[in-house]
Amino acid sequence: MSEIKVDWAKIDGLLPVIVQGLDKEVLMLAYMNEEALRLSLETKFAHYFSRSKNRIWKKGEESGNVQIIKDMYLDCDNDTLLIIVDQVGGCACHTGSKSCFYKKIELETSDIKEQKADIKTRSYNFSDELYHTILDRKLNGDPKISYVAKLFNKGENYFLKKICEEASELAFACKDLSKAQKYFKFNLEKFGEHSDDPKYDVIYECADLIFHIYVALANYNIHPEQIYAELQKRSTISGIEEKNSRSNK
């Protein structure tokens with residue numbers, strides 16, 4: 001394998017980087033210096049050099065919208081880079097748009113027409129963002145400051161035990177909610193940690209359980225979308241038929 005030979009002198013130490021998503025849509029233009037390129041190659045997460053802040057930054061270091069590098073191409077003059085990324089969260093632009101290039105110039109009038117699409121609210125993208133953030137903590141997190149990194153550092157038995165604990169807490173929260181609804185009119189007893197809003201306990205414990213399930217999925221490199229696909233497949237047949245099909249295998 002030949003060495004990467006970037007003409008750093010020609011470009012004054014800053015390599016222009018064109019960033020494409022997996023669907024080949026251009027997401028953004030950024031710059032790398034030698035150190036940012038080295039970090040990107042070593043970690044497989046996109047790192048760039050900020051001309052305004054005069055420092056290296058990891059894409060998504062604050063928002064969580066990291067870019068996982070899948071392919072990298074150097075152009076014929078060795079002075080421009082093209083990278084193909086898996087864009088976590090679905091948006092590359094700090095405005096919340098999928099692409100930074102959402103201002104279309106109308107050729108006939110030279111008017112600018114914004115085609116910005118805010119996709120942060122899509123539940124799939126949040127799920128994908130959460131999953132890849134957990135993966136990032138798994139690979140790069142410090143167990144001293146990151147709860148997720150701590151879970152992975154303590155090992156499989158530790159986070160699997162947490163799933164059992166959170167499942168039990170969710171079950172108890174559901175029972176408390178059932179009692180609260182049953183005896184509400186008598187106003188004789190309070191149930192759950194948040195007795196004024198017992199539904200919140202169920203929501204809170206359910207979120208805890210789902211989060212730790214995501215940790216387990218990340219450990220085994222199973223994307224949550226595979227779970228959703230299985231649920232979608234099951235929605236087309238009755239639950240009884242689905243169970244019978246498993247027993248016949």
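Any Cβ shown, glycine's included, is placed from N, Cα and C.
The annotation domain 'Phosphoribosyl-AMP cyclohydrolase' is assigned in TrEMBL to 28-102. As annotated by TrEMBL, region 'Phosphoribosyl-AMP cyclohydrolase' applies to 1-126. According to TrEMBL, the feature region 'Phosphoribosyl-ATP pyrophosphohydrolase' maps to 127-249.
For the domain 'Phosphoribosyl-AMP cyclohydrolase' (28-102), the mean pLDDT of the prediction comes to 91. Assigned with DSSP, the residues of the region 'Phosphoribosyl-AMP cyclohydrolase' (1-126) fall into helix, strand and coil as follows: 17 helix, 46 strand, 63 coil.
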